[in-house]
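Copied over from Swiss-Prot:
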type	residues	note
MOD_RES	1	pyrrolidone carboxylic acid
DISULFID	4-52	disulfide bond
DISULFID	16-37	disulfide bond
DISULFID	22-47	disulfide bond
DISULFID	26-49	disulfide bond
């Protein structure tokens, strides 16, 4: 069983529009495994940091 947590970060939309900016921020600033942008239920772009450990 792996320890897995995903943390929702509120990032400016501009960061999600730049290629992989969210991914870089999650890795460099948050020490996460990766990051990705997605639309929430209000159609706002969010950045989610993936802290899953394998």
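Each Cβ is built from the backbone N, Cα and C atoms, and glycine gets one as well.
The model shown is predicted, which means the values in this text are computed figures rather than measured ones.
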What three-state secondary structure does DSSP assign to residue 52 (disulfide bond)? coil
Just name the most isolated of the disulfide-bonded residues 22, 26, 49, 52, going by other Cβ atoms within 10 Å of its Cβ. 52
Measuring Cα to Cα, tell me the gap between residue 52 (disulfide bond) and residue 26 (disulfide bond) in whole angstrom. 12
Across all protein chains shown, the disulfide-bonded residues 37, 47 give the max Cβ-within-10 Å count at 47
